[in-house]
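Colleague: Next up is a structure, given as structure tokens.
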Amino acid sequence: MSDRLTLLRPDDWHIHLRDGAVLPHTVADVARTFGRAIIMPNLVPPVRNAQQADAYRQRILAARPAGSRFEPLMVLYLTDQTTPEDIRTAKASGFVHAAKLYPAGATTNSDSGVTSIDKIFPALEAMAEVGMLLLVHGEVTRGEIDVFDREKVFIDEHLRRVVERFPTLKVVFEHITTGEAVQFVNEASANVAATITAHHLLYNRNHMLVGGIRPHFYCLPILKRNTHQASLLDAATSGSGKFFLGTDSAPHAQHAKENACGCAGCYTAYAAIELYAEAFEQRNALDKLEGFASLHGPAFYGLPANQDTITLVRDEWTAPASLPFGELTVIPLRAGEKLRWRLEEHA
């Protein structure tokens, strides 16, 4: 087995960079590895139109390390009030590549999200017409639905209806976590794809709950049982172009995670491709990593693949115990633990 793995430079099709003083830290971490990233719009207030997306994009570009060519791909935050004109203006900008459906209350900063799917049908119709992708956080939020079942129920109650109603709309089912989601994507048309996180490939709910509650494993959608983890590994390593890399790296300050009511999100951007390599190596599928990380996403988005490369080397190193996060700190996933692959840094 080779101790070096060279890939076309990957992209991250789902990341949270946050805003303000933390941007120099979060942008540096993603730009170290990825050529482009789909930037989540769930700021406070959210990124609802092309003008706000451009302002956020400029802040991200200003935070890039010297010499970086990292490109942020912007996303609109759908609300009940999003209009077809909002969609057309965003598409015409050239820098907004998708719009994001957050069911209201489903995750961090989703309170302004969609309260009823039917309310955004005019916007979805416009998206289908102009070729803008729909990104979906696929969980219902009704209190009587068990948190471990919310993805499956969303598929049955909402997602099937959306893809049937808008067959030409390209849909990315983001950060899928269940066997049911894998099956849905596999059986859907070529216009439906999914992203998978490194933490959902490497971990299941036992890692979060057995032997004590580990808040840095807490994310939404929540980690599921190991049978679902196995389904995700099958999908990611299958070679299917329907599945591609999206870290959902979502930093929160240490005090907000280590809390009686801790925030949801795992910070993986600092070592994302290294973590994915571990997952693919578990399945003896390192030969499938380039497709998943570097090729399938651009193809689905209608963009060219990156032309430069990165190299991973099998060289054990210890993840930092904490990382700077503005004036605070963030605890990364695997803090203080050994990682088996290291990104080779070029001078």
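Even glycines carry a Cβ here, placed using N, Cα and C.
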Colleague: Among H158, H175, which is the one Swiss-Prot gives for the Zn(2+) 2 site where K100, H137 also bind?
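Modeller: Between H158, H175, Swiss-Prot records just one in the Zn(2+) 2 site with K100, H137, namely H175.
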Colleague: Quick one: which of D248, D287, D308, D315 does Swiss-Prot put in the Zn(2+) 1 site with H14, H16, K100?
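Modeller: Of the residues offered, the record points to D248.
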Colleague: Say Swiss-Prot lists H16, L17, R18, N42, H137, H252, A264 as binding substrate: which of L73, L169, L220, L295 is in the same site, per that record?
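Modeller: Swiss-Prot names L220 for this substrate site.
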Colleague: So which recorded positions out of N42, H137, D248 end up within 10 angstroms of K100 (Zn(2+) 1 binding site), measuring C-alpha to C-alpha?
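Modeller: Near K100 (Zn(2+) 1 binding site), where near means Cα within 10 Å, the recorded positions are N42, H137.
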Colleague: Which residues does D248 (active site) neighbour through Cβ under 8 Å, counting only same-chain ones at least six apart?
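Modeller: Long-range Cβ contacts: H14, I15, H16, E174, H175, T195, T197, H199, C219, G265, C266.
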Colleague: Look at the binding-site residues L17, L220, A264 and tell me which residue has the greatest number of other C-beta atoms within 10 angstroms of its C-beta.
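Modeller: By the 10 Å Cβ neighbour count, L17 comes out on top.
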